[in-house]
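K.L.:
What TrEMBL records for this protein is below:
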- 13-179: domain 'Miro' (DOMAIN)
- 315-350: domain 'EF-hand' (DOMAIN)
- 423-592: domain 'Miro' (DOMAIN)
- 617-637: transmembrane segment (TRANSMEM)
């Protein structure tokens with residue numbers, strides 16, 4: 001691989017803003033005048049006005065704006081403001097004044113950290129022509145400082161008077177912005193960073209057209225043309241492979257350059273300061289400075305109403321089933337941790353390593369993610385964060401039209417009018433007081449064994465799995481547990497129930513206080529739905545049925561069910577694994593969105609009032625119509641009478 005032509009035409013920046021800071025008298029302004037005029041100034045202002053270097057001064061063809069600063073205490077606020085707007089900092093000291101070098105680590109670098117200025121720093125020793133030859137070398141002085149302050153990209157000495165290395169100062173500053181080291185390379189371990197390896201691995205796989213695990217000479221040449229607009233000569237390809245083979249024998253095999261060799265080459269480029277080569281490759285394949293795909297490469301719009309959601313299409317599900325089979329190396333019907341990590345090794349990170357996805361789906365006894373669990377995680381991610389779902393589909397190799405991978409569902413209010421839901425993913429909100437059995441119900445959905453130990457839920461958590469329904473198809477059921485303490489915050493948003501297909505209310509059937517709190521929650525949620533136009537079907541689940549009900553449990557629950565017009569509670573015992581088809585009943589109720597909608601007393605009164613008003617309006621309309629007809633008849637009669645007279 002060799003850079004040719006204009007390798008960085010796609011850096012995507014229109015300007016680089018470089019701020020020059022340092023002690024007074026270290027040569028800041030002279031340095032700026034020197035790069036702008038290519039001469040040493042006789043009279044230099046204390047602070048230069050903003051200076052713009054044209055695009056064609058360096059190969060990247062990106063203009064540079066240079067901002068001079070004063071270290072005077074009176075100008076501290078202005079200096080801070082400029083530093084916080086900088087793309088890069090040039091930090092100067094005077095080669096003939098060792099005290100200004102000491103001030104880098106005693107004042108300037110700590111101060112930049114205190115101000116949270118997180119941009120590359122180029123340390124520049126000015127007045128090289130005045131440097132004492134007996135002084136310690138720059139490398140010896142700066143090495144310990146650079147170990148402590150990793151934000152220092154490079155160090156260089158220059159002379160504005162002699163025009164020594166002045167252009168290089170600003171070239172390195174621009175390069176640190178356009179081709180930063182930090183995202184790619186760990187200076188401490190001298191190795192590629194994990195996210196860089198993941199991006200390069202994806203690029204390698206995309207270029208390995210015959211999928212034999214190596215880049216042949218033809219594939220290497222295609223890669224070179226795509227990235228650098230110029231082919232490689234056969235002798236160059238041989239030379240590249242020879243370099244790799246000498247340093248890393250496993251980097252080349254009889255089929256060509258392996259992934260190990262490909263990564264080694266990029267590490268070598270970076271170590272030799274040729275970061276632009278690796279960045280050119282990454283940007284040609286659509287990566288931004290965070291080593292994620294650019295937004296314009298993920299074009300699908302997920303614009304939707306609050307009561308619509310996004311689901312995967314059959315095309316996307318078929319692709320995912322194929323990917324699952326490909327990475328299930330031992331063909332045991334589940335992905336072990338290592339297999340799952342390998343599957344997502346071309347994404348910036350594994351998307352399911354943290355909440356809400358971690359442990360949200362079915363696993364086998366050995367901890368492997370089953371196919372149902374794998375597809376459930378995708379259904380959950382698509383429901384909660386469709387943009388992330390799309391990005392990860394692309395990262396793991398989906399090459400179809402992104403729009404063909406997703407569908408936006410019909411509005412829920414339309415489903416209610418048509419008395420049927422066509423959704424393949426059911427979003428169920430789980431309400432209930434503490435220690436009612438909500439978490440146990442979620443665990444049962446994903447096949448997790450019952451635990452006697454009570455661990456209170458402090459934040460929302462999810463569980464997802466596929467459920468067989470009477471029609472013979474499978475629906476994904478996503479259960480979202482709402483902690484009792486989180487209900488108020490949830491219902492403070494008028495549209496909070498728009499995302500809900502069905503709500504269930506879980507109570508401890510042996511505890512009367514648990515039932516009373518559940519009944520209160522049911523009224524709260526029902527009222528919220530009535531007031532905001534997002535009524536949802538509701539079911540009551542009587543958990544811990546193995547403990548036996550409290551004395552008036554049946555009468556209390558029956559009365560509430562009848563009063564609110566919903567089904568009687570579903571008794572379950574998670575401990576005894578007596579689930580009473582509760583998950584199928586939840587999905588079935590969600591498929592009939594016009595049924596099981598609770599009605600509060602206030603809601604009933606409003607409906608009766610509306611009916612009365614409508615009836616009154618009807619009577620008024622009929623009365624008015626009769627009056628109009630009567631008036632017309634009288635006029636006809638009067639006209640005839642006049643005519644006959």
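Cβ coordinates are placed from backbone N, Cα and C, and glycine is handled just like the others.
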K.L.:
Given a Cβ distance threshold of under 8 angstroms, which distant residues of the chain, six or more beyond its ends, lie next to the domain 'EF-hand' (315-350)?
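P.N.:
For the domain 'EF-hand' (315-350), the sequence-distant neighbours (Cβ-Cβ under 8 Å, at least 6 residues beyond its ends) are 195, 198-199, 201-202, 205, 290-292, 363-364, 366-371, 373-375, 378, 391-393, 395-398, 400, 404-406.
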K.L.:
Going by DSSP, how much of the domain 'EF-hand' (315-350) is helix, how much is strand and how much is coil, in residues?
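P.N.:
Looking at the domain 'EF-hand' (315-350) with DSSP, the answer is 20 helix, 2 strand, 14 coil.
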K.L.:
Averaging the per-residue pLDDT over the domain 'Miro' (13-179), what integer do you get?
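P.N.:
Within the domain 'Miro' (13-179), the model's average pLDDT equals 93.
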